[in-house]
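Peer 1: Grabbed the feature section from TrEMBL, which reads as follows:
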type	residues	note
COILED	207-234	coiled coil
DOMAIN	24-287	domain 'BAR'
DOMAIN	337-397	domain 'SH3'
Amino acid sequence: MDFNVRKLATDAGIFFSRAVQFTEEKLGQAEKTELDAHFENLLSRADCTKNWTEKIYRQTEVVLQPNPGARIEEFLYEKLDRKVPPRPTNGEILGQFMLEAAKEFGSGTPYGSTLIKVGDCQRRLGGAEREFLQTSSISFLIPLRNFLEGDWRTISRERKLLENRRLDLDACKARVKKAKAAETKAAAVPDFQETRPRNYVLSASASALWNEELDKAEHELRVAQTEFDRQAEVTRLLLEGISSTHVNHLRCLCEFVEAQAMYYSQCHKYMLELQRELDIFNYKTITSESIIHKNASSSKKVHFLSPTDPSAFLPLNSPSPLETDALQIEEVQPPASGTRKAKVLYDYDAADSSELSLRADELITVYTVPGMDSDWLIGERGNQKGKVPVTYLELLS
């Protein structure tokens, strides 16, 4: 117990002395050992790296997990050295809600079947997001955190130790300077006329004492200089390692960008597939409704015709309404001007003989005719002709 108290008192004295010395340096009342310009540049570069790495790390956490409560929960689990429980993404939750709603509304209804398609797409988007979060955490966040919690703490500890060595060195320089001044004063030749003989002995004794004190101070200065140089070299090597840190962070950044690009590419692919499914579904729904409406209109006309009217009876080989439309499509002639080239964005399978099947990336000639629905165009590919949906095309100038 006595040893601990004595050590505590010694440490407190050293701390107080260094605090006073540091304050005098700030006020310009004490000399300070300056580091070379290269070393100062290394220190500045290290501080800049730490500050920006910390900002990038924090903001990346916000981008990957916008919910602050979830971030705090993950932080607590990490500090407790426990595995974070799996948490569904927002896309997966939305997809699950849509699928459950489709069961309530009925999967055979247009709304229910569409909810199933969209819900399944949302679940796939959520799964892609989960994979992206895991990849980004491993390839980008963890290396940045390892630098802040590992390498930078080591650098900070060695820098603090170097600062203490510098303060000790400056204190030793001050003691040597003080001892030299006292020795010079004690060794000064006394005035033989006014000084008594007894003072000669006192002056010689003081000179010897200050000479001994000067030797001791110079020895402590040499030891302090050696320790300062050794610590400066250790700190310099750590600071020069910041260049390797930049190279490592560059590699991690490229991996993060690659993971992000893959994630957005998957999302785009899923959305294109969903859009295509919905376009085909909506077209078939509209087509079936128009056919029903057309048949209903035809039946009404037949009902009111007179049995003696020859138009009430069609020959057995007369074409159906759909075949009549197909014949009309075949008989359509392109206008003299107004045709354009179009690039097909993705595959399309014709729903009937009046439409033209498409293959992605092929070029076709398109044009419109009076009275045609604005969502459709007439497309030609060689000798083939038919209606094509505008949403599947990229019109070229």
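Any Cβ shown, glycine's included, is placed from N, Cα and C.
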Peer 1: Could you pull out which residues elsewhere in the chain have a CB under 8 Å from any CB of the coiled coil (207-234), counting only those six or more residues past its ends?
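Peer 2: That would be 33, 35, 39, 158, 161-162, 165-166, 168-169, 171-173, 175-176, 178-180, 182-183, 186-187.
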Peer 1: Which whole number is the mean pLDDT over the domain 'BAR' (24-287)?
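Peer 2: Averaged over the domain 'BAR' (24-287), per-residue pLDDT gives 84.
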